[in-house]
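Listed in Swiss-Prot:
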- Lys98, Gly105, Arg106, Gly107: ATP binding site (BINDING)
- Asn258, Asp272: Mg(2+) binding site (BINDING)
- Asn323, Gly380, Ile381, Met382: substrate binding site (BINDING)
- 61-288: domain 'ATP-grasp' (DOMAIN)
- Lys78: N6-acetyllysine (MOD_RES)
- Tyr84: phosphotyrosine (MOD_RES)
- Lys88: N6-succinyllysine (MOD_RES)
- Lys88: N6-acetyllysine (MOD_RES)
- Lys129: N6-acetyllysine (MOD_RES)
- Lys139: N6-acetyllysine (MOD_RES)
- Lys143: N6-acetyllysine (MOD_RES)
- Lys216: N6-acetyllysine (MOD_RES)
- Ser279: phosphoserine (MOD_RES)
- Thr341: phosphothreonine (MOD_RES)
- Lys368: N6-acetyllysine (MOD_RES)
- Asp94: site 'Important for substrate specificity' (SITE)
- Tyr162: site 'Important for substrate specificity' (SITE)
- 1-52: transit peptide (TRANSIT)
Amino acid sequence: MAASMFYGRLVAVATLRNHRPRTAQRAAAQVLGSSGLFNNHGLQVQQQQQRNLSLHEYMSMELLQEAGVSVPKGYVAKSPDEAYAIAKKLGSKDVVIKAQVLAGGRGKGTFESGLKGGVKIVFSPEEAKAVSSQMIGKKLFTKQTGEKGRICNQVLVCERKYPRREYYFAITMERSFQGPVLIGSSHGGVNIEDVAAESPEAIIKEPIDIEEGIKKEQALQLAQKMGFPPNIVESAAENMVKLYSLFLKYDATMIEINPMVEDSDGAVLCMDAKINFDSNSAYRQKKIFDLQDWTQEDERDKDAAKANLNYIGLDGNIGCLVNGAGLAMATMDIIKLHGGTPANFLDVGGGATVHQVTEAFKLITSDKKVLAILVNIFGGIMRCDVIAQGIVMAVKDLEIKIPVVVRLQGTRVDDAKALIADSGLKILACDDLDEAARMVVKLSEIVTLAKQAHVDVKFQLPI
């Protein structure tokens with residue numbers, strides 16, 4: 001029960017930390033759950049642990065354009081001079097400058113340059129240059145980025161459109177239906193989570209049979225229900241069908257268009273695009289995954305990806321190294337049960353090497369909040385002696401001074417215990433998980449007290 005309770009919390013953290021910093025995936029989940037879609041099991045979508053790649057807006061818009069979806073004209077600029085040239089090329093009286101950062105709330109964010117807002121309307125190429133100079137190369141701080149902020153390396157310069165009406169459209173995966181679902185609303189251009197909470201009847205859902213695919217009739221019905229005028233219903237439906245094809249082609253887990261609009265010329269346009277891609281499809285979506293912007297990722301997240309480790313940083317002070325996502329979540333829950341707070345989720349997987357274990361310790365100890373470490377391994381496919389070798393090597397090479405509690409069970413566990421005992425290192429072995437969790441929590445409290453008193457503390461193994 002405790003593990004399942006933590007599961008939902010972990011997914012929320014994963015979404016914010018490692019994947020889409022924007023709120024699109026969560027928003028779609030809340031929209032689905034808001035009215036009990038599919039026999040009141042809509043909230044299950046929030047408990048799907050997925051690793052998602054996120055791309056910058058301009059990259060997503062390029063994919064839409066390639067798919068034949070109608071979007072405003074726009075180009076990416078990596079310098080103020082390029083922004084000036086693009087604004088001049090577009091030739092319109094006013095253009096929009098959009099900061100390209102993987103974080104939600106950019107419109108209300110603040111740059112370290114002092115500029116307020118990551119989306120600006122400008123009225124001349126000169127102003128485009130001036131505004132972009134305050135964005136490019138500067139960090140943008142939003143509610144999602146916190147104090148760290150996110151660096152803005154480029155801006156999207158696009159023509160300004162004057163919408164008559166704004167709509168919301170998204171495609172996401174719904175676990176309880178075991179397939180994709182289209183989501184639409186006449187309330188576009190606003191926070192869709194608020195719409196789902198305040199006016200759930202304004203949200204329309206259309207499940208799609210994954211084998212049959214989307215039917216033109218379904219898209220037409222959805223466009224009509226969303227309130228598109230009769231003269232552009234066909235155009236709206238065509239864009240929806242093309243977006244669904246894009247969704248399947250690139251193994252997306254979510255496409256969100258907010259807003260989809262009818263502009264002053266009567267054309268249907270997708271004004272913004274947020275797309276998440278399933279990281280499990282990386283082997284067959286090389287074109288997409290080569291676009292990942294590592295400058296937008298936390299350093300530890302980058303190191304974890306290089307070592308092929310599943311790592312998510314949290315706010316606690318007890319580092320965790322575990323094999324298997326389920327056991328990792330149960331380990332964090334039992335730490336919480338005994339009054340501690342986990343500093344991370346770290347799953348080394350079922351085939352970890354000595355090198356990966358060492359890299360895992362580097363990740364954990366690079367977090368200065370960590371005051372104690374709990375290793376919890378159940379050796380099935382994983383051999384406990386391999387883990388033990390990695391632990392011994394890491395403690396030696398990294399000169400780890402904080403307490404390390406190790407609980408090993410399973411394949412070659414006796415060999416593993418012998419390796420740890422023969423190492424002469426101050427590694428605390430424990431067979432019982434409950435006892436190990438209680439021990440690591442107490443040790444973290446001791447280290448906390450020592451730090452508060454500005455004294456050192458040394459640990460000796462029990463006789």
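Including glycine, each Cβ sits where the backbone N, Cα and C put it.
Values in this document were obtained by computation on a predicted structure and should not be read as measured data.
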Assigned element (helix, strand, coil) containing Lys98 (ATP binding site), judged by DSSP: strand
Per-residue Cβ crowding (10 Å cut-off), top of recorded positions Tyr84, Tyr162: Tyr84
By Cα-Cα distance, the member of recorded positions Lys88, Lys129, Lys216, Ser279, Asn323 nearest Gly107 (ATP binding site): Lys129
Shell list (substrate; ref centroid = CB of Asn323, Gly380, Ile381, Met382; cutoff 8 A): Gly324, Gly349, Gly350, Gly351, Ile377, Phe378, Gly379, Arg383, Gly410, Thr411
Cα distance (Å, whole number) from Gly380 (substrate binding site) to Asp94 (site 'Important for substrate specificity'): 63
Neighbourhood of Lys78 (N6-acetyllysine) by C-beta distance under 8 A, where only residues 6 or more apart in the same chain count: Ile136, Asn153, Gln154
Pairwise CA distance, Lys98 (ATP binding site) versus Asp272 (Mg(2+) binding site), rounded so that it is a whole Å: 11
Intrachain C-beta neighbours of Gly380 (substrate binding site), sequence separation six or more, cut-off 8 angstroms: Gly350, Gly410, Thr411
Inter-residue C-alpha distance, Met382 (substrate binding site) and Asp272 (Mg(2+) binding site) (nearest angstrom): 45
From Lys129, Lys143, Lys216, Ser279, Asn323, Lys368: recorded positions whose CA lies within 10 A of Gly105 (ATP binding site): Lys143
Whole-number Å value of the largest CA-CA distance among Asn323, Gly380, Ile381, Met382, listed as substrate-binding: 10
Spatial separation of Arg106 (ATP binding site) from the residue listed as 'phosphotyrosine' - C-alpha basis, Å: 22
Which same-chain residues, if any, lie at least 6 apart from Arg106 (ATP binding site) yet have Cβ under 8 Å of it: Lys98, Ala99, Gly117, Gly118, Val119, Leu140, Thr142
Secondary structure at Lys139 (N6-acetyllysine), reduced by DSSP to three states: strand
